[in-house]
Structure formats: structure tokens, C-alpha cells
């Protein structure tokens, strides 16, 4: 399917998706809700390359969850980013206690495996935790993701150190054909938008209940702040159009 046909499919398929893609191309924030049958959580989502310290502050104060960067599966391979569970599994060969805590089949109630990779700071940071420093680390993750996809030879360790304060998430190789987490949903949107597929995600939490912010309250927040609210199913349907599976 050529680009113009894909554009027409998306243009007339879902106006909400079209708005979200335009917002992401402008480097701004949107909301993504995965599904009622999965985590049942809404994330604030923004392209990594566009993040400022004010965005980190916004996510930290208004969302309250972990501030993570979801990385495209092709870039993850190029950068040799491991899954955290695999690292712990390897380390458990010499540490029995690690073997007891590493993620096992059936541990997760919402999916088959976690997408967590390593936690990093950029080497130009001091402690890595202030909003300015986390924003720097996040932008640099976006930049190195873009470089890795352009075929440039890159050594991830030249720019980053671990442990750090920004969690990396490895998107599943098959993206939405394989997994419907916020990681894959945000990276799929980045691909559709034609932007670097490194996306910041942060769960929205509820101060009153101590749980994830409900879908309705998340929508209300979005309306108050002018954010596009997307659900996982509509992203999946648009992604199927974009990949040419349906049109």
C-alpha cells in the first residue's frame, strides 16, 4: 500500500487517531488507555525527542506513575538492550536469591511477560533524578534510537550508564500482533506518525483511591487539559489499516 492510500485510510478511518498523530508530530502529549481487560490504565504519552523538563514535571505531578521510555523493537536489537528478566535470570546462576524472585510464567496477571529493560542515566547527568536531568536522558534515548534505525554504528554505553533513573521498555518484536501494552501501543503510534519510535509513557494514578486513575476520570482530566484520549482497540484498528492488513 502506498503512502497516499495509507493516509486516506487513516484520514477517513478515525478522526481521533488523526488528531493524535498530528499532536505527536508536534511533540505534544496525548493519553492512551490500554483496555478494560488488560491493565485498565491510562498513560500520559509524548515523543522522547520532544521532552522538556516541564513535561517530566507534568508527568511526575499529575500522572504519578513510572516515567519510562518505550523503544522500538528494531532499535532495541540494534542497541542490544536486554530484557531485565533475562539479565536477572543470567545473574541467578551465581545468586540463588535472584533465581527465586525473577519473573516466571504466570506471574503477571495482565500479560505473559514484562517489557522492562534496564534503567539508565545519560553520562552528562550528575545524579540523574532532577526533572532537567531526566529530560536530558529521555531526549538522548530518542536521539540514539533514531541513529540506530538509520544504520549508524552506535555503542549505547558511550552515552548512558546503568543503574539510572529512566526505565527503558522493549517493545515486542511483533508489536500489536504480539502484545497490546502501552509500550507497543505508543511505538505503533510513533511509526504511524512517522516520528522516531521512542515514546515516554507514565501511568496516571488516583490520589484518593490509591489505585490507577479510572478511565472516566482520565477522560475528564484529558478534556480539562485539551488532550487526545485514545483506547488500545482504536489504535489496533488504525495500525491494521496502516500496515495494509485492512483497507
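Think of each number as a place in line: the chain as shown, counted from 1.
Every residue, even glycine, has its Cβ placed from backbone N, Cα and C.
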Which of 22, 159, 203 does Swiss-Prot put in the same D-ribulose 5-phosphate site as 38, 39, 43, 179, 180, 181, 182, 183? 203
Can you tell me how many other Cβ atoms are located within 10 Å of the Cβ belonging to residue 182 (D-ribulose 5-phosphate binding site)? 26
Could you measure the widest C-alpha to C-alpha distance across 38, 39, 43, 179, 180, 181, 182, 183, 203, the residues recorded as binding D-ribulose 5-phosphate, and give it to a whole number of angstrom? 18
Say you check the Cα of residue 165 (site 'Essential for catalytic activity') against those of the binding-site residues 38, 43, 180, 182, 203; which is nearest? 203
For residue 180 (D-ribulose 5-phosphate binding site) and residue 39 (Mg(2+) 1 binding site), determine the Cα separation and express it in whole Å. 10
Residue 165 (site 'Essential for catalytic activity'), Cβ-centred 10 Å count of other Cβ atoms over all protein chains shown, is 16
Using all protein chains in view, find how many other C-beta atoms are within 10 Å of the C-beta of residue 39 (Mg(2+) 1 binding site). 20
